[in-house]
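Data first, discussion second: the structure below is written as structure tokens.
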Amino acid sequence: MITVRLPDGSQREFDTPVTVAQVAANIGAGLAKAALAGKVNGNVVDTSYLIEQDSDLSIITDKDAEGLDVIRHSTAHLLAYAVKELFPDAQVTIGPVIENGFYYDFSYKRPFTPEDLLAIEKKMAELAKKDEPVTRQVLPRDVAVEYFKSIGEAYKAEIIASIPADQDVSLYTEGKFTDLCRGPHVPSTGKLKVFKLMKLAGAYWRGDSKNEMLQRIYGTAWAKKEEQEAYLTMLEEAEKRDHRKLGRALDLFHFQEEAPGLIFWHPKGWTVWQQVEQYMRRVYQDNGYQEVKAPQILDRSLWEKSGHWENYKENMFTTESENRSYALKPMNCPGHVQIFASDLRSYRELPLRYGEFGQCHRNEPSGSLHGMMRVRGFTQDDGHIFCTEDQILDECVAFTALLQKVYRDFGFTNVIYKVATRPEKRVGSDEAWDKAEAALIASLDRSGCTYEISPGEGAFYGPKIEYTLKDAIGRMWQCGTIQVDFSMPARLGAEYVAEDNTKKIPVMLHRAILGSFERFIGMLIENHAGALPLWLAPVQIAVLNISDAQADYAQAVAQNLKKQGFRVHVDLRNEKITYKIREHSIQKLPYIIVIGDKERDAGTVAVRARGNVDLGVMPVDLLVERLNNEVEAKA
């Protein structure tokens, strides 16, 4: 007798081994039809999986996150099937699930075209409509290698040949197409109804630039048509908001080939940067942080002690001088430990909070670089708190409250919280981990935050809280973090004198709110579609005259506003006022002041707010009051 335990606590008993599909049918015809896969004892499996002993089972449908992954994985195989039908000489390589979709890499004698993409998508729909069963078979490694060699799939044969000889491999077949895959997959192609091929790109085989350039086809797949339409609409909106386009259009910054992964900041863009930095400096000052500055380049010996040389060397920029090896810092923490350890510390000094606007460099692969979102040189609002285990809770509560306020001020009110707990390989005692994890969770409970637990996703040196922002068009951005570290202070010799006069090692909390300034400013630009709020806008007000007769008064108004601390541009060009208004509106300025004879004679200004909102005529003092209130409110 086999007992199958279901998520609602009920049980089903069977005399003989039973498949996931059979259990679903036993529960109800509707569930049997909706079943895409199953989760047996925590593992996602095909509906054909045979349950041979007492097990926990949940049936996965398109309402589950795992169901969407199965749909996307199976759609990647459907894409490969369609390509092989249309282009029999193409060779298939790999096709994983990615965020919001999938891709598949192909080797083919000529580049695919946009017209090919349309034909492939049409063929995919035809194959899905056939509702062909998707079946799984397991073969010894060497048999699988020979099979793929026999059908001319050299890349698949190479992948399988790299697997240990004593391991079996699983293959999935739908119609005439067979692919190597761990699975699971949908039971038949008819389950794949909503998909779209998105774009073509190049990708090196195995990610190595010495290998052949393959052709990558990206696609998206969803459970429901409405979900796909919403996603495509979001992509259209994201395209309009792309910080790379807006950076050029608004004269904020640019990129060029001579500096991959680095940014050329223009005066307006650097003004935005300075506003962000000045704001974060006040955050440091108001919350008990001491600002520090550590060297950007450090000797190899320090990186060896910290563990970075062993675990992170390929991502570090290195150099040599006078027979010594150095590296540009990829992160700020070792430098902060040096500052802490430079003096004899007492328990009375703890918690000791350091903050730095630290410039870091990481040798990211060129193919992964993306505007300001993925760069090689960046500045972090990096802070480290040295404390005792008993102080972790209070520090995390204070940090979460601070982070929430900062995000609100920048226009982000939707924050997702995640606690990443201990991995299998870790340093530190179980008791210390218990205490740290409990403190992180309790800090979110005390802060009134809803959160999820991610078991095993902490770093080897400690658990962490991740703070993810949801932007104006629904995209998620992981930004802030607070990370407990049991390892680095000990590795780098940080100690303090405890109350009992013994020397102890402090706990180190790594924390960042914005993360990378570059990435965060890119997010700000996209979240606000370039229309930055008044307090952040590089130019807050443009003063325009209608004719030369008002030029002196316009200059006087502008000078008055500048003295009050506002960033003002005066446009006295001999152009039509409608042209000047339109030009400054395109630059997304918060306010435009128009001055004609009436305004000059009355000592007033005509004010337009962004979005062509006419606020009418008012005295300059009233405008200043309005502007100050708006800056103060960070609206």
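Even glycines carry a Cβ here, placed using N, Cα and C.
What Swiss-Prot says about this protein:
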type: DOMAIN; residues: 1-61; note: domain 'TGS'
type: REGION; residues: 242-533; note: region 'Catalytic'
type: BINDING; residues: CYS333, HIS384, HIS510; note: Zn(2+) binding site
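The average per-residue pLDDT of the prediction over the domain 'TGS' (1-61) is 93, rounded to a whole number. One way to see the shell of the Zn(2+) site is to take the Cβ centroid of CYS333, HIS384, HIS510; the remaining same-chain residues with a Cβ within 8 Å of it are MET331, ASN332, HIS336, VAL337, ASP382, GLY383, GLN483, ASP485, MET488, MET508, LEU509, ARG511. For CYS333 (Zn(2+) binding site), applying a Cβ distance below 8 Å and a minimum sequence separation of six or more within one chain yields SER306, ASP382, HIS384, ASP485, MET488, MET508, HIS510. Set side by side, the binding-site residues HIS384, HIS510 differ in how many other CB atoms lie within 10 angstroms of their CB, and the most is found at HIS384. Shown for the domain 'TGS' (1-61): DSSP residue counts in helix, strand and coil, namely 14 helix, 25 strand, 22 coil. CYS333 (Zn(2+) binding site) carries a helical DSSP state (H, G or I).
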